[in-house]
Amino acid sequence: MAFAHHAEAAQSSIVSGSAPGFAAGVTGGGDATPVYPTTIDELKEYLTSSSPQNIVIEGTFDFVGSEGTKTYQACNIYDCTPDNGGQAILNTLGGCGDTSTYDVTIDVAGYQGINVASDKTLVGKGTGAVLNGKGLRFVGVSNIIIQNIEITNLNPKYVWGGDALTFSDTNQIWIDHVTTSSLGRQHYSFGQESDNAITISNSFINGKTDYSATCDGHTYWGLELVGSSDQITFYKNYVYYTSGRSPALSGNTLFHAVNSVWADNSGHAIEGTDNGMGLFEGNVFNNVPTIVQSGFVGQLFSSESANLSQCETSLGRDCVTNAYTSSGSFSYDDDGFFVDFENLPIVSAASASSIASTVPSDAGNTLSST
């Protein structure tokens with residue numbers, strides 16, 4: 001699809017800061033007069049409208065039950081069931097195979113997110129702006145800012161029960177200070193269509209869950225990145241209590257992870273197939289015994305002391321080393337994909353030690369002054 005150019009529109013004053021990394025220049029609703037929805041219907045109307053919108057929300061917008069319920073077939077394919085801390089899988093894509101199925105009832109609102117239209121800014125006022133039981137979808141759209149909200153409670157008992165943030169065929173989207181928790185499936189799901197100029201920053205992937213596919217209170221469903229030519233800056237995020245897909249780096253995704261913290265992972269962090277490409281610098285891995293799953297076939301650069309200067313040509317500076325505490329090895333020096341960074345806006349990187357404590361405390365919907 002063709003995307004409009006938005007450089008002429010100023011970013012609204014309701015937004016804190018400006019997008020770092022690949023999404024630099026995003027303006028969202030631009031200079032549109034802010035609107036303040038008080039009901040879920042008003043919020044959906046503004047998010048899906050054809051005109052630019054600057055949307056400010058405060059408090060909890062509770063979608064649970066708003067679209068009714070629906071019965072699906074499900075099965076238990078994991079070692080634990082929802083009754084003892086596990087997840088069942090909805091048989092929507094035939095994932096149950098020959099395993100016996102049974103009827104379950106899910107909340108329809110959580111199953112699929114709101115289809116956000118182009119040229120939108122959504123900002124939470126204070127630290128309590130929550131979408132309870134509803135995610136957000138970005139499909140064939142551009143120029144969007146989402147800041148200072150939490151998305152939670154998307155049919156967490158059931159795999160395929162709901163993704164927090166879904167992207168497909170998009171351009172210039174900035175996700176900032178967003179908390180995601182208690183989900184049926186992915187915190188971030190990038191489809192096979194290209195997603196360009198994406199930045200996820202200052203956000204909290206809270207994987208602690210009552211319903212775990214790995215039966216240990218950790219979510220397996222972190223970030224699924226399978227786009228044909230995605231560009232994602234991952235800056236100052238806190239990835240906590242996951243057991244896999246953190247990220248699943250596949251497709252032809254260019255993933256620049258800078259000054260983020262991975263903590264308390266019970267399985268593995270990075271996995272992937274195909275030609276996923278990841279540059280990791282200035283990050284902290286704390287209690288992540290397996291950083292990269294065995295058999296990863298993409299390209300990774302882990303910014304070791306001996307190879308930092310390899311970044312100079314494409315990034316305009318040396319890379320910054322990562323830091324490790326009670327974690328496994330992470331030693332990769334694939335740099336053949338560095339040419340893909342040329343002419344892209346590159347975020348600066350601080351030392352890992354300087355962000356080790358600030359990122360976990362600042363990430364998520366923590367902006368009290370918005």
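Numbers here mean position along the shown chain, with the first residue as 1.
A Cβ is built for glycine as well, from the same backbone N, Cα and C atoms used for every other residue.
Sequence-distant neighbours of Cys96 (disulfide bond) (same chain, 6+ residues apart, CB-CB distance under 8 A): Gln73, Ala74, Cys75, Ile77, Ile89. The disulfide bond feature in Swiss-Prot is assigned to Cys75-Cys96 (among others).
Non-local neighbourhood of Arg245 (active site): Gln186, Tyr220, Trp221, Gly222, Leu223, Glu224, Glu271, each in the same chain, at least six residues away, with C-beta under 8 Å from its C-beta. If you look up Swiss-Prot, you'll see Arg245 marked as active site.
Under the DSSP three-state reduction, Asn307 (N-linked glycosylation site) is assigned to helix. Counting only same-chain residues at least 6 apart in sequence, those with a Cβ under 8 Å from the Cβ of Asn307 (N-linked glycosylation site) are Phe301, Cys319, Asp333, Asp335. Marked as N-linked glycosylation site by Swiss-Prot: Asn307.
Here the Cβ of Cys319 (disulfide bond) has 24 other Cβ atoms within 10 Å, regardless of which shown protein chain they belong to. The disulfide bond annotation in Swiss-Prot covers Cys311-Cys319 (among others).
Under the three-state DSSP scheme, Cys75 (disulfide bond) falls in the strand class. The Cβ of Cys311 (disulfide bond) lies under 8 Å from the Cβ of Leu279, Glu281, Phe301, Ser303, Arg317, Asp318, Cys319, Asp335, Phe338, each of which sits 6+ residues away along the same chain.
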